[in-house]
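What Swiss-Prot says about this protein:
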{"type": "ACT_SITE", "residues": "D13", "note": "active site, proton acceptor"}
{"type": "ACT_SITE", "residues": "H41", "note": "active site, proton donor"}
{"type": "BINDING", "residues": "12-18, 40-42, R304, 330-332, 413-415", "note": "GTP binding site"}
{"type": "BINDING", "residues": "D13, G40", "note": "Mg(2+) binding site"}
{"type": "BINDING", "residues": "D13, E14, G15, K16, N38, A39, G40, H41, T128, R142, Q223, T238, R302", "note": "IMP binding site"}
{"type": "BINDING", "residues": "T298, T299, T300, G301, R302, P303, R304", "note": "substrate binding site"}
Amino acid sequence: MPSVVVVGTQWGDEGKGKITDFLSSNAEVIARYQGGDNAGHTIVIDGKKFKLHLIPSGIFFPEKISVIGNGVVVNPKSLIEEIAYLAENGVSAESLRISDRAHVILPYHKKLDFLQEEAKGDKKIGTTIKGIGPAYMDKAARVGIRVADLLDKEIFEERLRTNLEAKNREFVKMYDSEPIEFEEIFEEYYEYGQQLKKYVTDTSVILNDALDAGKRVLFEGAQGVMLDIDQGTYPFVTSSNPVAGGVTIGSGVGPSKISKVVGVCKAYTSRVGDGPFPTELFDEVGHQIREVGHEYGTTTGRPRRVGWFDSVVMRHAKRVSGLTNLSLNSIDVLSGLETVKICVAYERSNGEQITHYPASLKELADCKPIYEELPGWSEDITSCRTLEELPEAARNYVRRVGELVGVRISTFSVGPGREQTNVLESVWGV
């Protein structure tokens, strides 16, 4: 019953899609357990880039099952477009399975997302305006529409009318905005449901049957621990639980069936949108890292904020997600820097040092990073295939990251390609 969870340990964009794609070669089922099409991951296969937002990375292996679990909020229109995009590039989605319990994102969710964000003025949290938060709000309020409802014309019509009445009152009275007409949504989205019907099933049964049969199952998270609604930099977070614990809720698989948790991180840190970022760089070094690392959001296209590796963040991620292994990506981006830094602790204005990540944003704003400086390296390391092939300074950097986080490094990457991911220890035991 081997199962592996892949989680982002920073603020997303750590290269989870790349690592999931890499680990998928030894998995038989690959499942997504939370988030929506606000997440974006880029996978490079034979030099060709594929950008996905909803469909699990395992879709590139036609003999494997790819699952969108019940914890995902699904935009049917986006999903159909993604299936078409894959088909145009010679990739079939026949192995895709969608949970009938997953909640559906509808146009009123996206509109509400936009209006709520605009109303915050300079206190915006940096949402992607994909309707993710409002869809999860409806889910928690027990008024959401699930995929199973979308497939039943009578139920969909009844629930859509009820929800639209409530949402339109909110649009008109609270935001002085135009209402959405029932006819604008109903037929179009019912038809989307019919197009997706062949993929819809009880995915919890598929996942548990696979695990009980001894098959290898890989769970793929979106975003990262620091964007988790409970464990992240609240309120600058997403509306779901990217932490490993989110797997059990978002896939219908019990916690006793999770074998290993692989935390994915970059050799530096990045973040899209607003919110705390203790090691953020505003100088030429930051600009160099952004440009060399192509740090622009897959979903939004926005330039990402970048900074030094933060071991305080990483130890927090280790604790709340129970990391057993680490995948360290983008080491090559740091090539050419004379000195590289790692944050080892924070210092408060009163001189006190702390090694944990504060919950209070006010307390966090009072903290400055304490850095350990290491020699950089100038060599091109993109063709290195073993730890021994790395320059001594790069090897020392990799080892120091593992020591400070306190987790074994199972893979390190020196570029975006599959062949540039190097294994130090197999998480599958093969």
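The backbone N, Cα and C atoms fix where each Cβ goes, glycine too.
Note that the structure is a prediction, hence the values are computed from the model and not measured.
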Given the binding-site residues T42, G301, R302, I331, which one's Cα is the least distant from that of D13 (active site, proton acceptor)?
T42
In sequence order, which residues at least six apart in the same chain have a CB under 8 Å from the CB of K18 (GTP binding site)?
H41, T42, I43, V44, N329, S413, P416, R418, T421
Which of the three DSSP-derived classes (helix, strand, coil) applies to G12 (GTP binding site)?
coil
Judged by the number of other CB atoms within 10 angstroms, which among N38, T128, Q223 is the least packed of the binding-site residues?
T128
Tell me, which binding-site residues from G12, T300, I331, V414 are within 10 Å of N38 (IMP binding site) if we use the C-alpha atoms?
T300
For G12 (GTP binding site), the one of T128, Q223, G301, R302 that lies nearest, given that the binding-site residues are compared by Cα:
Q223
Using other CB atoms within 10 angstroms as the count, which residue among the binding-site residues G15, P303 scores least?
P303
Using a Cβ cut-off under 8 Å and a sequence separation of 6 or more, which residues in the same chain sit near R304 (substrate binding site)?
D13, S270, R271, V272, R290, E295, Y296, G297
Run through the Cβ atoms and count how many others sit within 10 Å of the one on T300 (substrate binding site).
17
Widest Cα span across the IMP binders D13, E14, G15, K16, N38, A39, G40, H41, T128, R142, Q223, T238, R302, in Å?
34
Quick one: pull the CA-CA distance for V414 (GTP binding site) versus G40 (Mg(2+) binding site), whole Å only.
21
Which residue, of the binding-site residues G12, G40, G301, has its CB surrounded by the fewest other CB atoms within 10 A?
G301
Packing count at the residue listed as 'active site, proton acceptor' (other Cβ atoms within 10 Å of its Cβ):
29
